[in-house]
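According to Swiss-Prot, the protein has these features:
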{"type": "TRANSMEM", "residues": "35-55", "note": "transmembrane segment"}
{"type": "BINDING", "residues": "Cys38", "note": "heme c binding site"}
{"type": "BINDING", "residues": "His89, His190", "note": "heme b 2 binding site"}
{"type": "TRANSMEM", "residues": "93-113", "note": "transmembrane segment"}
{"type": "BINDING", "residues": "His103, His205", "note": "heme b 1 binding site"}
{"type": "TRANSMEM", "residues": "119-139", "note": "transmembrane segment"}
{"type": "TRANSMEM", "residues": "189-209", "note": "transmembrane segment"}
Amino acid sequence: MANSSPVYDWFQERLEIQDIADDISSKYVPPHVNIFYCLGGITLVCFLIQFATGFAMTFYYKPTVAEAYSSVQYLMTDVSFGWLIRSVHRWSASMMVLMLILHVFRVYLTGGFKRPRELTWVTGVTMAVITVSFGVTGYSLPWDQVGYWAVKIVSGVPAAIPVVGDFMVELLRGGESVGQSTLTRFYSLHTFVMPWLLAVFMLMHFLMIRKQGISGPL
């Protein structure tokens, strides 16, 4: 590269970053690709917004049944731009689910799930399940009346499963009833377990797309 900087030359010598950039920028894009093929990328952007705003809220949120609601109120009323951070988090969550649904429909209607892209489809469906689980766990964190009863209903659903139903309910709730252990588990799932799971499946998903390319037209 002409007129390159010393910093660029230092990285180029060690990592060959120009070859990486050329490989990314020269990937063939089929002529049938249109704006609807951007829905997956928009979903990723929504996830990144979720991650950033969620991380910011962890500085103020207190995952206890006694202080969860008041900490959310403090974030909304006393923290500078706290209302904006939480509002962006909520709206981007809704947008992420909407974009995900549209993306799934686009892939299905254009046959993007067919051989040899079955595993790409499986990882995508897995991410869809994780995304919905994000909504269920996040809904409970303010620990208001809506959140409490939502957790009570959702965590009680597995009771209908034969043999292991009661065990699954107790596992979700952290005991026989909804309480502090339930909130702690949902907070852990929402802020640590699920983000890592989603990141891993996203990486697998993108690597498969990178390897196999975009599916052709119907």
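In case you wondered, yes, glycine gets a Cβ from its N, Cα and C as well.
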Considering only Cβ pairs within less than 8 angstroms, which of the stretches 35-55, 93-113, 189-209 has the most against the transmembrane segment (119-139)?
189-209
10 Å Cα neighbourhood of Cys38 (heme c binding site): matching binding-site residues from His89, His103, His190, His205:
His103
Take the C-alpha atoms of His89 (heme b 2 binding site) and His103 (heme b 1 binding site) and report the distance between them in angstrom, rounded.
21
Helix, strand or coil at His103 (heme b 1 binding site), per DSSP?
helix
Using a 10 Å cut-off on CB atoms, tell me which of the binding-site residues His89, His190 is the least crowded.
His89
Around the Cβ of the residue listed as 'heme c binding site', the count of other Cβ atoms that are within 10 Å:
14
